[in-house]
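*Asks:* Copying in the features that Swiss-Prot gives for the protein in this structure:
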- Cys324: active site, nucleophile (ACT_SITE)
- Glu358: active site, proton acceptor (ACT_SITE)
- Gln190, Tyr218, Asn223, Glu239, Asp299: S-adenosyl-L-methionine binding site (BINDING)
Amino acid sequence: MTPEHLPTEQYEAQLAEKVARLQSMMAPFSGLVPEVFRSPVSHYRMRAEFRLWHDGDNLYHIMFDQQTKSRIRVDTFPAASQLINTLMKAMIAGVRDNHALRHKLFQIDYLTTLSNQAVVSLLYHKKLDEEWREAATALRDALRAQGLNVHLIGRATKTKIELDQDYIDERLPVAGKEIIYRQVENSFTQPNAAMNIQMLEWALEVTKDSKGDLLELYCGNGNFSLALARNFNRVLATEIAKPSVAAAQYNIAANHIDNVQIIRMAAEEFTQAMNGVREFNRLQGIDLKRYQCETIFVDPPRSGLDSETEKMVQAYPRILYISCNPETLCKNLETLSQTHTVSRLALFDQFPYTHHMECGVLLTAR
């Protein structure tokens, strides 16, 4: 695979290899055959980052080969959304002959939605001044005149210039309901929107007969919290990143959801609060004992759950675990399987044509 070519004819084979690999990894914990959720074979990535290469008067996007570290010119990127591909051409055309925009520009980041909105961030090794702002405003207006719903941001050391806003609002159809998600530039969002919809619908389906409340760790912008709220009396969710918490609070209001509470704290801190080890000012006014959480949802970073959080989640009758790294999932299952059994297993092909796998398990208490 190269940045400008996807081996779409190999999609079925690469997916079958992942299914077999996941089933083998999970064999010590479950004999289940994974439920498989396929990705679109192209234009599935909603965000992308490129370095810029200045070659005389020429200017183009580049990526680096992971093995050789050699430079690869990228004029089209079929893994990315159609909107990103359109913007790549438009940005090069708009920046190439404009000194204020081109000088010391070293990277462009693209974030798009299925609702055809975009934030484009231009990263510089220089101070950004009023001349840059005027040139960027003119470029933004020219892009909008082409029918592109785009917002531009300039970034440099200790500097961030938003021409109007640093976010876009995604609208996802999830099990018959549209959910609005505010996505903030430079914050985590699910890269494969079509796969995200399938993950949300799977999580809804496996929790459809739930009782009591839901506790979620690592909630981000409320991606799962908002979708799962309809299956539970109340949802209590934690997140450490301020921009993600702010986006989650906006999303709760925008979707008119009244049973989700977001707390800004790390999963490890919440574990300490639940165990009575420490008290936190951020929990003032929140009576944790009022929540009857029978299900806990975790979507941890690649490192998986730490040992204290492992112990904490074992106290819940049901554990819904979305993993971006099956190796750390299996490491966690060495502990979790002592008290719980795997009752559902899913593979989400979040990153086609790579070795990466995203998977989900539902664990029920023995």
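Every residue, even glycine, has its Cβ placed from backbone N, Cα and C.
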*Asks:* I need the least crowded one of these recorded positions (Glu239, Asp299, Glu358), counting other C-beta atoms within 10 angstroms of each C-beta.
*Replies:* Asp299
*Asks:* Three states by DSSP: which one describes Asn223 (S-adenosyl-L-methionine binding site)?
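*Replies:* DSSP assigns Asn223 (S-adenosyl-L-methionine binding site) to helix.
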*Asks:* Counting across all protein chains shown, how many other Cβ atoms sit within 10 Å of the Cβ of the residue listed as 'active site, nucleophile'?
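*Replies:* Summing over all protein chains shown, the residue listed as 'active site, nucleophile' has 18 other Cβ atoms within 10 Å.
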*Asks:* Near Gln190 (S-adenosyl-L-methionine binding site), how many other Cβ atoms are within 10 Å of its Cβ?
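*Replies:* Taking every protein chain into account, the count is 24.
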*Asks:* Neighbours of the S-adenosyl-L-methionine site Gln190, Tyr218, Asn223, Glu239, Asp299: Cβ within 8 Å of the Cβ centroid, same chain, sequence order.
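*Replies:* For the S-adenosyl-L-methionine site the neighbour list reads Phe188, Cys219, Gly220, Asn221, Gly222, Phe224, Ser244.
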*Asks:* Report, as a single number, how many Cβ atoms besides its own are within 10 Å of the Cβ of Tyr218 (S-adenosyl-L-methionine binding site).
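*Replies:* Its Cβ shell of radius 10 Å holds 22 other Cβ atoms.
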*Asks:* Using Cβ-Cβ distances, find the residues under 8 Å from Asn223 (S-adenosyl-L-methionine binding site) that belong to the same chain and are at least 6 apart in sequence, listing them in sequence order.
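*Replies:* In sequence order, the residues whose Cβ lies under 8 Å from that of Asn223 (S-adenosyl-L-methionine binding site) (at least 6 apart) are Tyr181, Thr189, Gln190, Asn196, Leu200.
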*Asks:* Tell me, by DSSP, whether Gln190 (S-adenosyl-L-methionine binding site) is helix, strand or coil?
*Replies:* coil
*Asks:* What whole-number Å value do you get for the CA-CA distance of Glu239 (S-adenosyl-L-methionine binding site) and Cys324 (active site, nucleophile)?
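*Replies:* Cα of Glu239 (S-adenosyl-L-methionine binding site) to Cα of Cys324 (active site, nucleophile) measures 17 Å after rounding.
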*Asks:* Roughly how many Å separate the Cα of the residue listed as 'active site, nucleophile' from that of Glu358 (active site, proton acceptor), to the nearest whole number?
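*Replies:* Between the alpha carbons of the residue listed as 'active site, nucleophile' and Glu358 (active site, proton acceptor) there are 4 Å.
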*Asks:* Taking only the Cα atoms, work out how far Tyr218 (S-adenosyl-L-methionine binding site) lies from Glu358 (active site, proton acceptor), in Å, as a whole number.
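*Replies:* Cα of Tyr218 (S-adenosyl-L-methionine binding site) to Cα of Glu358 (active site, proton acceptor) measures 16 Å after rounding.
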